Amino acid sequence: MSKIGINGFGRIGRLVLRAAIDKGANVVAVNDPFIDVNYMVYLFKFDSTHGRFKGTVAAEGGFLVVNGQKITVFSERDPANINWASAGAEYIVESTGVFTTIDKASTHLKGGAKKVIISAPSADAPMFVCGVNLDAYKPDMKVVSNASCTTNCLAPLAKVINDNFEIVEGLMTTVHATTATQKTVDGPSGKLWRDGRGAAQNIIPASTGAAKAVGKVIPALNGKLTGMAFRVPTPNVSVVDLTVRLGKGASYDEIKAKVQEAANGPLKGILGYTDEEVVSTDFLSDTHSSVFDAKAGISLNDKFVKLISWYDNEFGYSNRVIDLIKYMQSKD
């Protein structure tokens, strides 16, 4: 397994490291100019959402040592100055949220990185969603995007529905947990005024490109889906509401059967299925991209349905980052 570096040790960076440990992937370096190694230990050890790290973590001689393994720590602001090669890091997770274009993310290559995986949507980098379009990956691609957590939830479900019943058109709403870009109390927020309102006090309508991005990973759905978000005052776990018009009529039971078939088959581990009386906290630290809620969906008639799917927007997504890297490594 090739060695991994992480740029940006925030929510996703830290959880990618947790996911890497769970999956036996080898992280050898972390870069973050705003956090020293002792602070990294603290932030990695204690997590208000996912709980304490169950292994050991310490700082020794400038290294971050997790479960006895030394991880090199850099503190460079400019990705071009990170000497990834000195740590042997070849696949870089770009999780700052800042360097999200091919031009900006490819500066990592100057320090010896071979590939860069952006943990966010990208305006120009090829986007991949595990279980949906990994076969489009080519070894000559240097910079790729793992899309967004919401696209990772929506795309596998949309694929199953479109493959079996044909999506004519659809609208998506994600009821989305709070993220780090929001404000604890009302504050300025550039052009998106509503986004600046207190996260703990409000349900905030917001934009999302997640549904349109599905058209990039499933070309047959290009122009057929769009969506919006409601930001809600919960710390983690979000839920997608996909309302679609179908080309081929189907009962809700037939739809459930096809989703369950995919969840137990080709999309196992990516798409989950539940028929229990679940609520959002039941999905904390769930590793699926998407868990279909059979009891929450509704059907108006055989061609117009509302489908519901849950996702841990932090940890499910972080697991897919590692899965994408593992897939790339198998092809490179």
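Positions of Cβ are set from backbone N, Cα and C atoms, glycine also.
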Feature phosphotyrosine, as given in Swiss-Prot - residue among Tyr137, Tyr273, Tyr317: Tyr273
Phosphothreonine: annotated position in Swiss-Prot, out of Thr56, Thr174, Thr226, Thr274: Thr274
Co-listed D-glyceraldehyde 3-phosphate-binding residue [Swiss-Prot; alongside Ser148, Cys149, Thr150, Thr179, Thr208, Gly209] among Arg194, Arg231, Arg245: Arg231
Listed recorded positions among Cys149, Gly209, Arg231, Thr274 whose Cα sits within 10 Å of Asn313 (NAD(+) binding site): Cys149
Number of other Cβ atoms within 10 Å of the Cβ of Thr208 (D-glyceraldehyde 3-phosphate binding site) across all protein chains: 22
Cβ contacts of Asp32 (NAD(+) binding site) (under 8 Å, same chain, 6 or more positions away): Asn7, Gly8, Phe9, Gly10, Gly13, Met40, Val73, Phe74, Ser75
C-beta crowding around Arg231 (D-glyceraldehyde 3-phosphate binding site), within 10 angstroms: 24
Listed recorded positions among Arg11, Tyr273, Thr274 whose Cα sits within 10 Å of Thr179 (D-glyceraldehyde 3-phosphate binding site): Arg11
